[in-house]
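Single-structure report; data block below.
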Amino acid sequence: MGQSGSRHKPEARILLLGLDGAGKSTLLYKLKYNEDFHTVPTIGFNVEMIEKYTSAI
C-alpha cells in the first residue's frame, strides 16, 4: 500500500538444460539478439540478461 501508482516489471528466470551440442547457447543468443549465431562449444556456462516484451528474462 502507499505505492499504488508504481508498477513492478514481471521477471522470469529460465534455466536451459540439455545434452552436449543440443543448441542451448544458440537458443539463448537467438532469444537475446533475434539473429542466427555460429557458436563454438561452450565450456562452463553462459549467463545473459534479456529484455523482451518490456519484461526482463
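Note that Cβ sites are derived from N, Cα and C of the backbone, with glycine treated the same way.
Lifted from TrEMBL, the feature list:
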- Gly18, Leu19, Asp20, Gly21, Ala22, Gly23, Lys24, Ser25: GTP binding site (BINDING)
- Ser25, Thr42: Mg(2+) binding site (BINDING)
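The most densely surrounded of the binding-site residues Ser25, Thr42 is Ser25 (count of other Cβ atoms within 10 A of its Cβ). Fewest Cβ neighbours within 10 Å among the binding-site residues Leu19, Ala22: that distinction goes to Leu19. Under the DSSP three-state reduction, Ser25 (GTP binding site) is assigned to helix. Separating the Cα atoms of Thr42 (Mg(2+) binding site) and Gly21 (GTP binding site) is a whole-number distance of 9 Å.
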